[in-house]
Each structure stands twice: as C-alpha cells, then as structure tokens.
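Structure first, then comments.
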Ligand SMILES: O=P(O)(O)OC[C@H]1O[C@](O)(COP(=O)(O)O)[C@@H](O)[C@@H]1O
C-alpha cells in the first residue's frame, strides 16, 4: 500500500524507498528470529533490510527471510503493469545466498511440465516437452521473456518452434509465478534475470508445485572470482531444491500495479484494496486474499503512514 502510491510518479528510487521503509517497519513485528538472506544489498549500500540483518520480534522460529519490496521499480515509476511486492520465508539456512552473482539463466514452468524440462536441453526440446505435458503443440505454448537485447537469439529459437512470446519489461518473479497459475496464459519462463529473483521464484515454485532450474551467469572476471570464492559451481544447473531446501517455505506476493497475476493497489477516500497470494509449500495451500483496508483507522496505530504520498511520506 505504501509502494502503490508511487505508481506513475516517475521516481523509482522513491517508490523503492517507500516500499522498503514499510516492509522494514512491519517485518520487525513478525513473530520470528529472521535473518535477511535476500534484501536490499550489502549493509554499506542499504540502510535497511540489508543482507544479514536480523529482523522479527526475536521470539519465534529461526528463519531465512527474502524480500523484494518492489519487483518492478521501473514498472511502478512508469505506472506500468505487473509490479509486485514479495516476501518469502524458510527455515534458517534453507535459502541459497545469491549475493555473489547478479544474473542467473532461468527456466521456470508449472506443475504439469515440471518433470519434463531440462535447462541443458535445446530450447526447441523444452518447448516441445512443455507442449506435450500440457497435451498440446508448441504453437499452443506461450513463453515469457524479459524484453532485453541479450534475449534476441533465445527469442529467435522460441519463435522457430512456433510458440508465442510474451515479453515483459521487468519483473520476472511475477513472470515465473504466472507459469504455474491457471488463466495467466503463460506456460514457460526462459532467459537471464536477477539471481535473488530466482531464489524468490524457487520459494514460490515450491508452493505451486512447479519447477525452476537456473545457472549463474557472471558478467566479468571479478564477479567470477567472487562466485568461486563463495563456493559456487558456475557450470552446474541449480534446481528448485538447490535454491531453497526442504518443504517448509512460505511465500507472499502482493500486487503494486495491476498485473496479469494479481491486481495492484486501488485507493479510495481513506481506503485501499489489495490483492495477495499467500502460499505455503508444505501444505500446498494457496490463499488468494482480497483485502479492503481502512487507512484512516490504520493511521491511528500503524507504523506506516499510508495516507501521505510521494516524497512527503519519506520525510
Ligand atoms: O533489468 P535487468 O538488468 O535485465 O535485470 C532483470 C531483473 O530486473 C527486474 O526486471 C526488476 O528489478 P527491479 O525492480 O529491482 O528494478 C527483475 O524482475 C529481473 O530479474
């Protein structure tokens, strides 16, 4: 709700800061002894929700926390669709620490084709495997790709199979989840995106019964060194369980701007409505939450002021 106020205001840093501040204020009330494994970066760049920060009320179970207060900061700043706010939790030590490498090659698909795909296989085989698992032909498959020059050859290979492509400007966490949700029209996500977003997507896939396979992509020699020093094998295909171990993962995503997965925040006079998916891996329960909020009432006690907007709210 704090992030949604920034939709279309042309200020991606302001949007992100508002989301981080709100998430930090509320995370401190969670009944956990949480460590931020995926946050806003190293402590010297991020005053809040930095990697390694201890959050929660210090009384509950020990857990790893992964956050992306806004996945799609540019989408938010431009008022474009599919920006979401994400938080995941798993037992302490279950999540892979992705901080050494920025990018990861990804393949994500839902439950039907989960056992039939392989990141090492040619793209045509992957598309065919997904089509077959879903009882169709490659032309029935829609592949989600981040719209980036680096994906030109990948797009060519996908098109050659007869499959369709849905390009997204940003936000491959939502793109990944869409592969596993009925009615989104997306069957498969391919391409290179952020590594933290890959671990977050893995938490979601655990809950949805889908799969993610990934491989680190280093940008230069110094990143390569950092990755090797952190003990990563750069050739290895990482599967969902390498990114988050076990079945005890929790994942929640809330729409910031309207998207194909969920709606964004809508505001009225002292009111707001939000949509979230709240999921648990062990039970496989997926809760679709449509909430109506009374911002005037929240104002009397909430740590977050949802009534103020823009830079004024950050002052
Ligand atoms: O824009 P790049 O460098 O291709 O990185 C892709 C990553 O950026 C995003 O599109 C958006 O991330 P931000 O919201 O942090 O800007 C991610 O969803 C994706 O994984």
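Cβ from N, Cα, C; glycine included.
Take the substrate site that TrEMBL assigns to 71, 72, 73, 103, 148, 149, 150, 170, 171, 172: the candidate from 41, 52, 56, 194 listed for it is 194.
Among the candidates 153, 160, 182, 197, the residue that TrEMBL names alongside 68, 71 for the Mn(2+) 2 site is 197.
Comparing Cβ neighbour counts within 10 Å across the binding-site residues 16, 71, 197, the minimum falls on 16. Closeness to ligand 1 is met by 71, 197, these being the binding-site residues among 40, 68, 71, 197 whose Cβ falls under 6 Å from the molecule. For residue 171 (substrate binding site), the Cβ neighbour count at a 10 Å cut-off comes to 29, with all displayed protein chains included. Between the CA atoms of residue 148 (substrate binding site) and residue 197 (Mn(2+) 2 binding site) there is a gap of 16 Å.
Within 10 Å of the Cα of residue 40 (Mn(2+) 1 binding site), the following binding-site residues from the list 68, 71, 197 place their own Cα: 68.
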